[in-house]
Structure formats: C-alpha cells, structure tokens
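Trainee: First, the structure itself, so that you have it in front of you.
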Amino acid sequence: MALDIHAHRILILDFGSQYTQLIARRVREIGVYCELHPFDMDDEAIREFAPKGVVLAGGPESVHEADSPRCPQAVFDLGVPVFGICYGMQTMAEQLGGKVAGSELREFGYARVDVVGKSRLLDGIEDHIDADGLFGLDVWMSHGDKVTKLPENFHILASTPSCPIAGMADDARGYYGVQFHPEVTHTKQGGRILSRFILDICGCEALWTPSKIAEDAIAQVRAQVGTDNVLLGLSGGVDSSVVAALLHKAIGDQLTCVFVDNGLLRLHEGEQVMAMFAENMGVKVIRANAEEQFLNNLAGESDPEKKRKIIGRTFIDVFDAESCKLDNIKYLAQGTIYPDVIESAGAKSGKAHVIKSHHNVGGLPEEMNLKLVEPLRELFKDEVRRLGLELGLPYDMVYRHPFPGPGLGVRILGEVKKEYADLLRRADHIFIEELRKADWYHKVSQAFVVFQPVKSVGVVGDGRRYAWVVALRAVETIDFMTARWAHLPYELLETVSGRIINEIEGISRVTYDVSSKPPATIEWE
C-alpha cells in the first residue's frame, strides 16, 4: 500500500494574522502536512480532518471585546496537543478559564523573554543563559493584550517585564501558548520551537518531503486522468513549468501544451521554453506565434488596466483557437497553488473546501467541457520550486524572478510598440546578465527594466542625439506585500548603464528606481 503523506497532519486555524501563511510554510518545512482554515471551521469538518495537533494563529482582535473570534470547542474535544500563538494563546486562555486584559505597555518588535518554567516545549531551547542560570530567548512580539490569569492546570512558561505570562503550558494535555511569534525569522529559535511541538509533542513523522510529494502527485494525476488527454497553457513561468514537468512524468504523451508567444516575452524566452520542454524533455508543445495579433490589439492604448485586459482577452482568443484544433482533450491543467486556494476560500466562511475555480487560462469555450486538474493546489510557492528541482528542472528556471502575466506590456509605460519591446528586451537582458555576473541575481527578489516613452538628449561622439530613457528596478522582499529598493553597488549600476547605452542604439539614459513599497508598487504599471 502506498505511503499516505497526508496521514500525519496539523490543523492551523486563522484568526486574521498577517503571519498565518508563514506558520503553515514553517510546518511544511519541518516535513509535516498542514492545512489552513478559518477560525470558525465547522465542528464536523474539524473531526473529519483528524489532525495530530492544532495551531491557533494570531489575529488583530481583542479577546475581551464582544464578538471577537473564538476557537471551536471541537478543537479542545479532540484530545490532541494545541499550540496558541499570540491571539491564539489569549483565546485559549480565556476559553479554558483564564483571563485576558489590555496591556498598558504594548510590545511590537524584538523582545527578550525569560524562560521561567519547565516544559516539553521549551526545555533545552535558549539564546542566552544568564550568570544566575536564567534562560532567555530573543523573540518577535506584536501584541497589545496579555493573559493576566492562567487557566486551571497551566503554569507560566516565559515572561517579560511588561508581560508576566508570555508563555504558558499544560504538559499533561499538551496545551501550550506563547505571546511571541515563533514563525517569523526574527525569533531565532522559532524553528526549533515549532519542530518540538510538531514532531515531539504531536508525534508527527516528517513524511512531507519533495520526493514523496512528487511520487504522491504523480499517483494522484494518474488516478484522476486515467487514459484521457490533458491540455496545459505553458507560459514559461515557474508554476506552469512545474505542472508541465509533473504531468509529463505522470502521463507522457497524454499531455499537450500550448505556448502562446505574445511578443512581450524576455529575450530568447520562447526559444528557451521550446528547448527545455519540447527538445530536452520530449513534451508535446504547440507554439502559437501571436506577436502581431497582440501588438495590433494593443495599438493606441496607453491605459495600464485596459492594456492588461486586452492582453488577457487576446491570450484567451489565441489559446482557444489552438485548443479547438485538438481532439479528445478531456482535462485542462492549471498551476493553481495553495495561496490561491486560501484566498478563494475566504476568511470566516467556514467552508474552505468549497473553492471557486481559478481560471488561469480564462474563459474556454463551454463546448469543450473540460474538467480541471490542479496538481499544485496543496503547495506553497517555495514548495513548488523544490518540487521543480525534484522533477529535474534547472535551478535557474525554478528560481527565476517573477514575471508579470502581461509580460513587457506593463513594463512599457503607455502605448506598446514593437520597437519599444525590442529595446526593452535587450536592456533587461543586459541588466539580468550583469546581476548574475556580480552574484547579485539571487540576492534580490526581483529585478527588471522599465521603458519610459520619453526622449532625452545624449552625446555620441561629436554629435547630440535624442533617444529613449529606461529605468532599472531591483527590490528585496519576503512576501511581495512590502519591498525595499535594493542597494546595488554603484560599480554594478555603472556597468549596467554603460552597457545599455553603448550597446543599444535608441537608449540615451538609464535611471535607477529608489522607491520602496509602499508607497510605490513593485511594477510601474
């Protein structure tokens, strides 16, 4: 019988914290499957899920306010360990008979907590040991309320001067709470604390590994698809590339990919996609060269949102035209990943299993009547990348910087023209090439060039010329929700600027974007 990699599982209940998905990613990194559900998950669904442990995540509410969210009683009836983090600790304390109150001194940012009690959760885990033998942890706090009275059978685990109950434990039941956030990297021992809870206290086995995920996904696809044929829109991005590699391994020639070349791709990207999948891996790929159709449809349009819609509609038209030429297609494959599923389920719905379809490809003709296959829908982006490596995709493809769906169409400000796209492609290629040479490509989260439809005077030899302006953009970010501009070395910027101006006729000036997000967005349009 095949190994069930979902057998040992953790349930995470979301109370609205910005860090909740990070908890799930940390649990997966430990090697254990987990799912994220709204705090008001149905009691029957909780029992059916049958977790080996439950994590109550943080949230922005105050436990002592009316109508603030509560943990379902079914969680405490399961008889499994429970770990409350921040708000999760507070609601657990209040629901089990303790008390929570607003704190005069709020704690946001770094803090040191003293470990003052023995417990299975924290024993042997520390950042400091004082001369008097007191253990200390460097942690990240983000709270305005605090537990003021322990529930029955709990003891104090950790404290700070302003938060005497910064951690609590009931070892007999395996119930623990901490006021700090072990899931963020600022809490230095956070990984060890979560690992202690998941592996030792809950007794989970680390079954969730890239090799086992690949085996399981291949088996699931074969079981779902059988001998039917599958269609995939291949973009060259990480998600669709991993889906293509996975499906090819699972069902071989039953897979057909349609690669739409819209004329707004990076330099040589179309050739690279065809070389990787069609030539090296033997995947059936139909390349639709639709540059002229896209550029004609975009002619005269300068509004960013309208450009996006035109590109999206044209993609659907081209994809539909190609897919209608194919016979006996029963399934449409999509690169839906777990964050898409979480967002679709919606907080406070209590019905996380009722997920709307993600039409990554768009409105396919109803007469095709295709069923969906979404082999990545349980995976976070970092897991998708690791799966890609496991399936044999090259590191540089799997860890390539994000590229917007509309491609260069939103990196050319204003109207999109072939001349602009050709200049931008070459400038972007030089920037990325120099980042790689200087070992900066993987130090930044995203880097690209933006074409600005304004001309600036330049000097070439003894003459003056008016030519176009481009901007370099490089950012550092963890989640792409906020980002800071990357402080690239001046020498590197000088090299990039010199090459672009000297090698590309038609560009006379290079600028560097030093805007962070917020207030600026990462992309210019």
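Glycine too: its Cβ is placed from the backbone N, Cα and C atoms.
For reference, Swiss-Prot lists these features for the protein:
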DOMAIN    9-207  domain 'Glutamine amidotransferase type-1'
ACT_SITE  C86  active site, nucleophile
ACT_SITE  H181  active site
ACT_SITE  E183  active site
DOMAIN    208-400  domain 'GMPS ATP-PPase'
BINDING   S235, G236, G237, V238, D239, S240, S241  ATP binding site
Trainee: Inside 8 A of the center formed by the CB atoms of S235, G236, G237, V238, D239, S240, S241, which other residues of the chain have their CB, for the recorded ATP site?
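Mentor: Neighbours found: L234, V242, V243, G335.
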Trainee: Excluding near sequence neighbours, so keeping only residues 6 or more apart in the same chain, what lies with its CB under 8 A of E183 (active site)?
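Mentor: When sequence neighbours closer than 6 are ignored, E183 (active site) has Y19, L22, I23, R26, I85, G190, L194 within Cβ distance under 8 Å.
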Trainee: Using a 10 Å radius around its CB, how many other CB atoms surround H181 (active site)?
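Mentor: Result for H181 (active site): 23 neighbouring Cβ atoms inside 10 Å.
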Trainee: When you measure from the Cβ of V238 (ATP binding site), which residues in the chain that are at least 6 apart have a Cβ under 8 Å away?
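Mentor: Expected: K381, V384, R385, G388, M397, V398, R400.
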Trainee: Tell me the Cα distance separating H181 (active site) from G237 (ATP binding site), rounded to the nearest angstrom.
Mentor: 33
Trainee: List only the single closest residue to H181 (active site), chosen from the recorded positions C86, S235, D239 by CA-CA distance.
Mentor: C86
Trainee: Tell me which of the binding-site residues G236, G237 sits in the most Cβ-dense spot, judged by other Cβ atoms within 10 Å.
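Mentor: Counting every other Cβ within 10 Å of each candidate, the maximum falls on G236.
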